[in-house]
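Copied from TrEMBL, the annotated features are:
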SIGNAL    1-22  signal peptide
ACT_SITE  His227  active site
Amino acid sequence: MKATNFVFLFFLALFNIQGESATKVFNLKDYGAIPGGQVDNSKALLKAWGDACNSHGGSTLEVPSATYLVYPVTLSGPCKGPMLFHNIGILKGPSGLQGNSWVSFQYINGLTLTGGTFDGQGSPKQTTPNLPALLSFDFMTNSRAQCVTLINSRNTHFQIFACNQIDIDNITISSPGDSVNTDGIKIGNSNSITITNTNIGCGDDCVAVLPNSKDINVTGVTCGPGHGISIGSMGGSANERVEHVTVTNCIISNTLNGLRIKSKTTNMPGLVNNVRYENISFQNVDNPIIIDQNYCPSRTCHQGDSRVQIQNVEFINVHGTSVTPVAVNLQCSGTNPCTGIDLNDINIPYFKQGATTISKCLNARGRSSGVQIPKSCI
């Protein structure tokens, strides 16, 4: 709460420099919002957002310290100044929710979302199709989310699509490890995305970097439970690219995968280029390092080699324990072998004494140096 209040006061001071009118605060309660989590407050939220967004010079929309039920809302720009969405309370989604997103921010330049809790009220075993993301940034620029808690999503917790220059800092994401398709943060068609100091526990990828994303920086993330930190899947469409991804100083515990790059066995060309994993710690991870170019998410997949080129991938000072014997598994395409794979100081023993881990490589080209546990297959 102290960090949230600091951000709030900082932005008020910043707006005050621009002029007295810039400090105007739009409080959700003043628009007839009813706390208690029983009455839909989406109309009040949309009205408050509209007034704040259309106020010249920058505005703050404040959600008071209470629980508010909110049906799906899209909070759109462009706005007439920088926006601060300051949530002190808890926003709850309704039961039986469907659609693309529950709370969506779109077409805004200069949004700061800070504080509070977004509770999707999802259940671990939900299998209904067309379930919404909990929170989404779509077509956003120069924006930030900080000190926010996202819980019990029905699908992805935080979806970032077609965005540029987004900073995610000090976010807490929590859903049961057996909840279906509940990615933590999913990034697609976006550039210059930074995720720092974030704790993620979910039922799918903690962080998923989807095609056509570039300049992604993930640092200081604690992941688990979940499926690790993932790139892909690639190969769904022609000429998909992911480039310049850095994952550093992360802790991954009790997950299905650790660091994973995956592509489908389609005939669609694509590229994964310039990826660096550094200072990564594992604890009881099933597949710590895995490149899977035979990824098949369904029972009917195209037979053949993936045409996605994976190149220039570094693993530096990656250590911890593996629950499976194969700690390093590089299964690359026969048509487009992986090139420029660099294994530097890898130390991933088996989680139980008396057994060892191994590496498996197929069509993987590169080099290894320093400590190599298991023994390198490159």
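Placed from the backbone N, Cα and C atoms, the Cβ positions cover glycine too.
In the three-state DSSP classification, His227 (active site) falls within coil. Within 10 Å of the Cβ of the residue listed as 'active site' there are 25 other Cβ atoms, across all protein chains.
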